[in-house]
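Right, one structure below, let's go through it.
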């Protein structure tokens, strides 16, 4: 049993800035950061809102590929949440897709204080090979990759078992275990465990008294 309930308080979080290119980041990467990437409509915005307990923090769009900027949110205790552009949506041109993938690659190569890369994937979809490659790249760069299977509440028990089996197979394929969370932003399932994981990984769990629910 976790020492915190699912309502474990998370640091107060506010929108900080957006950048279109990595050369605009200046000293944004001088503080600890966690980043969220995933295909369009993977549930990134909903997750950020649930994680921060701030419904309007990240705007949820029904239009695939709406997020094309790197959006940075900063917590009261000084670490960044970085929302990376969605990718892989069908309406994007080949050039747009390539540009976004280059942006993601450049981010992994240049963001100095990146501690965790969260890779989101809708539980109703198969886990793409491209994401496995991203996990391997992150590991090579000493960045902790963490997979989040979102919208887990949309599946019945059989479907959830299939997703877990799929992730076990993915770990076997690359030969290295990685952390996986099964999350529902709408019901709150897994949110408390995710908050706890973030605070412990960043070494700020002792500052719980300074955060707000």
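Each residue, glycine too, has its Cβ placed from N, Cα and C.
These features come from Swiss-Prot:
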- 30-204: domain 'EngB-type G' (DOMAIN)
- 38-45, 65-69, 83-86, 150-153, 183-185: GTP binding site (BINDING)
- 45, 67: Mg(2+) binding site (BINDING)
If you rank the binding-site residues 44, 151 by how many other Cβ atoms lie within 10 Å of their Cβ, the lowest count goes to 151
Cβ-Cβ distance under 8 Å, sequence separation of 6 or more, same chain as residue 183 (GTP binding site); the residues meeting this, in order, are 47, 148, 149, 150, 151, 152, 189, 190, 191, 194
Around the Cβ of residue 45 (Mg(2+) binding site), the count of other Cβ atoms that are within 10 Å: 21
Rounded mean pLDDT for the residues that make up the domain 'EngB-type G' (30-204): 90
